[in-house]
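To start, the structure itself, in structure tokens.
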Amino acid sequence: MNFCVSLFVVLCCVPFFEATASDVGPVSFVPQDSKALDYGLIVHEDQLLNENVSHAADSKCTCTDGRCVTRCRKSSWTTEGGCMGTETVCECNPEYGLFNSTSCKACECGRGINCTFMVLSGEVFSKKCLCPEGYHGGDSYPCELNCDDDHPCQNGGTCNAGTCMCKRGTSGVFCEEVFWCKSQCKNRLTVDCVYNQEQEYFDCICKDSSLLYDYREEICKPCQCGNGTCKYVGIHDWHCDCAPGHKEFEGKCKPCECSENGTCEFDGKGLKVCKCKPGYAPRIGICQRCGVHNGTEIECGTEKNTKSCRCPKGQQDVNGVCEDVDMCKDSDPCHHLSTKCVVIDGEIACQCRPGYVAKDNRIEPGQPCEDLDECVHSDECSKNKDTKCVNLPGSYKCECLPGYEPENMKADTRDTQCKGHKDAWMPAGVVLAVVIALLAVGVAVIAIKARRG
């Protein structure tokens, strides 16, 4: 009879316990650590004798915030005969730990997480949270999710063995809470309170990036940077993050561009100053290359914020560029039509004009050059069989042979193309027809005269 009553209690109460356990959340119920409690449970504690489970039938068992469970007594389990002796113990509800033999105590380790209690002496005890894998905790702290790549520490915190080491002024499992943000940065509908990792302090950031938070008036105001945005630096300080080609001066972004060959700065009066790389100097507001002369880099510098070139002999600085000096303009020793004045390596010299050659391959100032007879040295007209070469002073021309005429009139007579005259050739058939026609006319005239006579 007693066996039937116990079985009835088991069948009625086990479903009730299972329904209660299912409400604890995503973390599964962890059985009590019987070895730590040392309540005489056997190694095979998972072998629950369901037929002997009792919640209220055993009047000797008391279990606050738990249930009484009959289990096999320690050292009473044999492989051949099974359980040879049983005892009734207190088994706690989920999120509770066995405090003594008759009562359970709330773990406060987190939802669905159990614990164990160890009574040291009298009212002194220690608690250990049974944290599942991926969680950490201690005797005095609830189980918390470990930090990792999927759950990183925030606000500059560092992850150490699954625990976030937070910076000054931050707290929370992942350092997500900023101490000052609980009372600072008013008007939170338009303002965010963020942690400044470099200064280990807080900043009030307007949600509208074009606005700047005024800490004295505690409101957002328009940013005065112009071509840029306001960026916070230091503790409650800011500067202008200017657009490309601009730089901050006295809280505003001003145009400042010197090309990629230098950097742009402002002097105390806000005037633009280009700091150019070696081999470059400012000209027309940007850093330009000094130049190359005969394979050598030209030295240059800056005078009164203007590029100045140290030009080689025979050249002069013209607006920051080395250009050849026109020495022939002021002094031309070559006074003959067959010569011209040139500057070579900074020295004046005379050269023969095209179509002329120097006598003995050299020419002195004031000495003329001799005419080059192109018809003798290079008869270009001979390429066309219907032209002939005619020498000219310093040049030549191609003329058509007798019986030919130019196909078209060109300004350059050295490229004359010729063709035969219209009366210089006539097809034989045309000539014969003309002769026959003339003879026919003559015969007709004679016949007419004979009739009249």
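Placement of Cβ uses the backbone N, Cα and C atoms for every residue, glycine included.
Keep in mind it's a predicted model, so treat the numbers as computed, not measured.
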Second cysteine of the disulfide that TrEMBL assigns to C398, among C381, C418: C381
C175: disulphide-bonded cysteine as recorded in TrEMBL, out of C166, C185: C166
Local backbone state of C143 (disulfide bond), from DSSP in three classes: coil
Within the domain 'EGF-like' (371-410), residues counted as helix, strand or coil by DSSP: 8 helix, 16 strand, 16 coil
Residue pair C166 (disulfide bond), C381 (disulfide bond) - Cα distance, angstrom, rounded: 96
Alpha-carbon distance [C143 (disulfide bond); C381 (disulfide bond)] in Å: 107
Residue counts (helix, strand, coil, in that order) that DSSP gives for the domain 'EGF-like' (324-362): 7 helix, 15 strand, 17 coil
Rounded distance in angstrom between the Cα atoms of C147 (disulfide bond) and C153 (disulfide bond): 7
Candidates C143, C153, C175, C398, namely the disulfide-bonded residues, that fall within 10 Å of C164 (disulfide bond) by Cα distance: C153, C175
In the chain carrying C398 (disulfide bond), residues 6 or more apart in sequence that have Cβ under 8 angstroms from it: E380, C381, N384, T387, K388, C389, V390, T413, R414, D415, T416
